[in-house]
Amino acid sequence: MIGGLFLNTLSFVIVSNHSIVNNTANVHHIQQERVIVQQHQVVSAITQNYYPEFSIAVLFVSFLALYRSTNFKTCVGILMFKILSMTLLGPMLIAYGYYIDGIVTTTVLSLRFAYLAYFWYVNSRFEFILYNTTTLMFVHGRAAPFKRSSHSSIYVTLYGGINYMFVNDLTLHFVDPMLVSIAIRGLAHADLTVVRAVELLNGDFIYVFSQEPVVGVYNAAFSQAVLNEIDLKEEEGDRTYDVS
């Protein structure tokens, strides 16, 4: 197929219709009604046979328009492919006669781009289009996709160490974690601060950002024996010896 990704449903129906008409042009007048009925059935069958191809075209373009990734390089590659699809591939399909595929590809991608461009205009950040999302979190000027929880509450957890945390593919260093804040912009609008820094056994930290203060953290990952061992080590470390 030249210049196209999918089968053109309309072109196959038209070609099949013409071939059937040419083959039945010299049929006797008595059998004409029967031939017309057969012709209608064949064209309908051909149209139904190419419905899956048209559905695949729509699903693929919809998937491409909505697909998002957290990797920066992957997002750049997908964005470039979308731009080429809207400006080059779509018009090429229309020029070669694949009207359905070309119109669907260009229309769906253009509508998605226009929808995200609104958030780009309101917040003055191009990352809405780059990450293909309507909600972003900004950590000291660095943008990353924001993932909502299952019950739509707004909070963020970032993994890191004693003086750094990972924001998507970036590493943010800080002196005091209490000075780090997160701004949620887009469909959701919120400002989050660090409410809890959870230290793990390996020395790493999980930083919890929320609008509500954390009352406590329940530790359910350790058995009672491990907890007793940790308490004993802490007691030994707190002992002081008087040497005279």
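Glycine is no exception: its Cβ is also placed from the backbone N, Cα and C atoms.
Over the domain 'CoV 3a-like viroporin TM' (41-131) the predicted model carries a mean pLDDT of 80. The domain 'CoV 3a-like viroporin TM' annotation in Swiss-Prot covers 41-131, and the record cites sequence analysis as its basis.
Positions annotated as domain 'CoV 3a-like viroporin CD' by Swiss-Prot: 135-214.
Annotated transmembrane segment per Swiss-Prot: 46-66 (among others), in sequence order, evidence recorded as sequence analysis.
The transmembrane segment annotation in Swiss-Prot covers 75-95 (among others) and is backed by sequence analysis.
Swiss-Prot lists 102-122 (among others) with the feature transmembrane segment. Same-chain residues lying 6+ beyond the ends of the transmembrane segment (102-122) with a Cβ under 8 Å from its Cβ atoms: 57-58, 61-62, 64-66, 82, 85-86, 89-95, 128-129, 132-134, 186.
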